[in-house]
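Per TrEMBL, the feature domain 'Myosin motor' maps to 9-683. The ATP binding site annotation in TrEMBL covers Gly102, Glu103, Ser104, Gly105, Ala106, Gly107, Lys108, Thr109. The feature region 'Actin-binding' is assigned by TrEMBL to 560-582. Positions annotated as domain 'TH1' by TrEMBL: 800-995.
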Amino acid sequence: MAELEGLEFGKSDFVLLDEVTMEQFMENLKLRFEKGRIYTYIGEVVVSVNPYRQMDIYGNDTIAAYRGRELYENPPHLYAVSDAAYKAMKRRAKDTCIVISGESGAGKTEASKYIMQYIAAITNPSQRAEVESVKNVLLKSNCVLEAFGNAKTNRNDNSSRFGKYMDINFNFNGDPTGGHINNYLLEKSRVVQQQEGERNFHSFYQLLRGGSDDMLRSFHLQSDPAVYAYTKEGAATTSNNDRSSHRAVMSALEVIGFSKEEINSVCQILASILLLGNVQFESDSESVQIRGLEAVGHIAELTATDPEGLGKSLLFRTVATGGGDVIEKGHTEQQACFGRDAFAKALYDRLFGWIVGRINSVIEVKDYNPVLHGKNTVIGVLDIYGFEIFENNSFEQFCINYCNEKLQQLFIEVILRQEQGEYQREGITWRHIDYFNNQIIVDLVEQPHKGIISILDEACLTVGKITDTHPHYTSRKLSPTDKTMDFQKHFRIRHYAGDVTYSVEGFLDKNKDLLFQDFKRLMYNSSNPVLREMWPDGQLSITEVTKRPLTAATLFKNSIVALVDKLACKEPYYVRCIKPNEMKSAVLFDDARCQHQVAYLGLLENVMVRRAGFAYRQPYARVLQRYKMTCEYTWPNHLMASDRQAVEAIVNHYGFQDDVAYGHTKLFVRTPRSLFALEQERAAVIPILVLFLQKVWRGALARMRCRRMRAIYAIMGCYKRYKVKAHFWEVVRRFANVRTMADYGKSVEWPTPPATLLQFHSNTVMLHRRWWARQIVKNIPPSDMLEVRAKVAAQSTLSGERKDWGFGRAWERDYLANVRDSPQTSSGFIRASKELRNKNEYSQVLFSCFCRKVNRFNKSTDRGLLVTDKYVYKLEPRKQYKVLKRLPLDFTGLSVTSGADQMVALHTSSEDDVLLCLQRGELCPNQDRVGELVGALVDHFTRVRNVQFPVKVCRSAVQLHMRGKPKSVTVETKPGQTNADFKKSRDGFILLVPGN
């Protein structure tokens, strides 16, 4: 906390001084400067002393330390007052402004940059692209305006030679949405003349030192500033940073949104001004000529104008006579030089104004709708030239010092007079404090008909005629013994900051700000659109330009009055900058110089008012509205007689009664600590209230959602029941007559079921298929059922696996007993079969046919195959079907190929498999009997034995074992082969089948 800084650093707030005297004030200020503490408070006013060195107190860590904190929680800093202005704007939707004042070299420009940096850093935490774009433009505009509006003076290396007021617009979230920049009184006389040791504006040196060789060559420029009349004074003090600054400015212009053509036009205008300063004139007895027309041609090229017209504008002026005639008047050599310089100043002034306007066109808030986007609030930042006292003080210093008088008057109005007046109106006990009111000096300058500006406008300024007696004005005529002033040349004003002697030489010319209309028309007729845009008044013909324009002093006065009015309607925060010495030293503290600044800034009076006053005041209604939730007696609504009593209840609840005063309409809080305690309590309660409101609202939403869901479910239930019934009705309608249909409804298309009936639909379809199958099957004779079951079993096993499996023919099973299939041997087989039936007691023949059998010795012979429900027999057909081998029907599986061959491998558990090839009948040589054998075995094992009988369909080689040894059987087609036969191969057998 600020007051907890060690005593070795002095008092962090001048309000805490033991005695409010100039001596103690200066002693504390000097101590803090020497200890590196450049910021000190006076309540909410920050006093800043220029350290003339880089300090590590502006990084991201520092920004985080001050973000959202109260003023007294951290040591004094610019970030603290920036955060206070931002919080006041965001919390109370109140427009605020930060006024940075002090003389030239006191650090105002740097202070404004740090304030902008802080505001940019704490806003837009969600990193919205459009807000980041606005922030970038606002920050980059500082770089551009410094280049074109700042210059090195004998008192300051980066002196603002114009006044700048920037409004930053914020939305209801506190994020910047745009802004607007006002510029005041650019010191354009610096373009053509500088005091010894000073420089022209930075932009000229940056162009010459930072521009590429090709760029300078295209602009007809050289890189040495000493070559040009307007920059030679500052050529010896050219900064090494000009090159890097030029790159930074060009980059900033692109970020802001300037096009390449616009940037090039800006550089061309700067080059034109430099070349214009080198235009020389010579005269003979009759006329004035331009010495060397090459420069004029270059200027005309850069400004996209006619060289002849440019030369004519430099040598002549066009005037309209009273009779309406237009004549050309030639210049004298002095008039030509004056016109050249006036043209150069006007070019730069219009360029600067156009740049500011162009930046405003990018950052200004467009199409803002308060209903949609919430209230638009503003933080204003004023960085304006400080009070100036030079050896030769001219018209510019007069205007600048008048501006500082107006700002000091605003400070007095807000901080001193209004505060004391408010205490008196509210009935607060108050000890009156005397202070200097500089209204008398402001009146001396701006009073109608009598003030210096009015007399200047009448073009009759003569020393001694302003007023006969005025306590703040004097001249050599009024003070004949004061030889520091000359007769008819000087006058002196006793400003709040000190006495300033002004030289009247050039006052009238600078006030009239004469620029011949010929130059305006010339620029308006330029083919460069940027130049044409800068000179809209050039479209008037010479006969139309009759109205006397406002003078420079009057225009400046009007803009300053408007500025003060704009600041007066905002809640102000002040940064008072002090210059510690004239040597730009980081260690020297000039007591007399600093004391003079403290005196004319009125800081001592500010301390007295703040010590005797109150840090915070608000109407009772607003205090109650903000803090009523912190007290049980006022939340949610109080039952007391008035808001004041309710506020007193809050104050007494927290024990702040000794730190507050009750006015007629407002509560006054003396120290920020009490206010901060209330804010902390409010911050602690707000989440609880938010949770309560969320709970209530979520409950309401849940009940609404519940009612809606109940209604939805009721509608869904009714609709589902309707869809179910509709589906049932449609199924009944479509299948009403299936019993009488030829196909029992197989061709009837089922309706699409609703989602809830998908399972029911599949079950119903299955039931219908079973019913349909039953209807078909019950018409099949019992004698055919064995064949049907075998075909069904074969289909489930071989369908899609084997090309042909005999589905389309009648299956006879017992082919050896079939007279048609084997007429010579069928009687012998029938006899042998009966004997085997009686002997082995099998009850059913599953399959029989001739086959080609091969053993492990590669011996293949023709045999008879008989498969019964108990055994498999290998028979010798040539010996009355003698049983050669009997195997029990306990095979573990069966393998066939996917082709048309008749090879079958019966697998046994003892790994002694049976390999054979079924032979087709004599009457049907293309008959496939593999499917019939597979169907008979699968049906028997599945239906009778209730076990699965695996069948493997091989697409390449059939794998089997003979006496435990693995064998592989492949199939080859051999042309000319009459019957299928086996041949030995390297790893098994090859079945040779007939083929083409």
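Note: Cβ is positioned from N, Cα and C throughout, glycine not excepted.
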In the same chain, who gets a Cβ under 8 Å from the region 'Actin-binding' (560-582) while lying at least 6 residues past its ends? 29, 33, 42, 44-50, 52, 78, 81, 84-85, 88, 94-108, 111, 115, 155, 165, 182, 184, 378, 380, 382, 386, 402-403, 406-407, 409-411, 413-415, 446, 588-590, 593-594, 597-598, 601, 603
Note the Cβ centroid of Gly102, Glu103, Ser104, Gly105, Ala106, Gly107, Lys108, Thr109, the recorded ATP site, then list each other residue of that chain whose Cβ lies within 8 Å of it, in sequence. Asn50, Asn156, Ser159, Gly386, Cys577, Lys579
Using a 10 Å cut-off on Cβ-Cβ distances across all protein chains shown, tell me which of the binding-site residues (Gly105, Lys108) has the largest neighbour count. Lys108
Can you name the residues of this chain that are 6 or more positions from Glu103 (ATP binding site) yet have a C-beta less than 8 Å from its C-beta? Gly386, Phe387, Glu388, Ala497, Cys577, Lys579, Gln597
Helix, strand and coil residue totals from DSSP for the region 'Actin-binding' (560-582) stand at 9 helix, 8 strand, 6 coil
Name, in the order they occur in the sequence, the residues of the same chain whose CB lies under 8 A from the CB of Gly107 (ATP binding site) and which sit 6 or more residues away. Ser48, Val49, Asn50, Pro51, Cys577, Lys579
Take the Cβ of Thr109 (ATP binding site) and count every other Cβ within 10 Å, whichever protein chain it belongs to. 23
